[in-house]
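This report refers to the structure that appears directly beneath it.
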Amino acid sequence: MKIILLGPPGAGKGTQAKLISSEFSIPHISTGDIFRANISGKTELGMKAKGYMDKGLLVPDELTIDIVKDRISKDDCKSGFLLDGFPRTVNQAEALDKFLVGRKEKIDCALLIDVPREKIFNRMTGRRVCSKCGASYHIEYNPTKVEGICDLCGSPVVQRKDDSEDTVKERLDVYDRQTEPLVVYYRNEAVLKSVDGTQDIDKVFEDIRNVLGEI
């Protein structure tokens, strides 16, 4: 089974990806992971990507596509794969489909973990971490016993820069701009499925398993 995983930052994609990978015995392929693997392995594709990244430039679509194509051509992807973080654009989606058609293959499901923007905003901006031991908290779902103080070591808890309101808003704006056209694309391809990501982890996965079991 060949699956594309879609969803906003903070929707729990990483957690569900691990569960899907284990349940269906397919590799979870994160774009970030394969970029890092190519760069650390000093592959030709990795060195090209590093050249752009070192200059603070976005890696071009063509190179990103080549890196993904190389990864899904490996033996462990013969029975399928789960792509997380790719495609990000319709151009990438079309290139992936063209590559798969050439191999007489296709995407079986574009799975959207759907969480309303307001819910994601609250999830992310409410996160806190201990400034010393790194313990994780949330002001609403998992607060410290004493406000602002780590339960484990007594150090102050802080909000990471990535979780500030401005940063989260920008990340969600970027996601909306990039992903809405992808959702339309995969809906038109009749492979889009959606699950309610506001539920607890086990219930979300139960819904995912039911959706994928029907394919």
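For all residues, glycine too, the Cβ spot is worked out from N, Cα and C.
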Which range of 30-59, 60-89 is region 'NMP', per Swiss-Prot: 30-59
Listed in sequence order, residues with CB under 8 A of Gly14 (ATP binding site) and six or more positions away: Ser30, Asp84
Proximal residue to Arg160 (AMP binding site) among binding-site residues Gly12, Cys130, Cys150 (C-alpha distance): Cys130
Helix, strand and coil totals (DSSP H, G, I; E, B; other) for the region 'LID' (126-163): 3 helix, 13 strand, 22 coil
Chain-internal residues, separated by at least six, CB under 8 A from Thr31 (AMP binding site): Thr64, Val68, Leu83, Asp84, Gly85, Phe86, Arg88
Among Leu57, Cys130, Cys133, Cys150, Cys153, which are recorded as binding-site residues, the nearest neighbour of Gly10 (ATP binding site) by Cα: Cys130
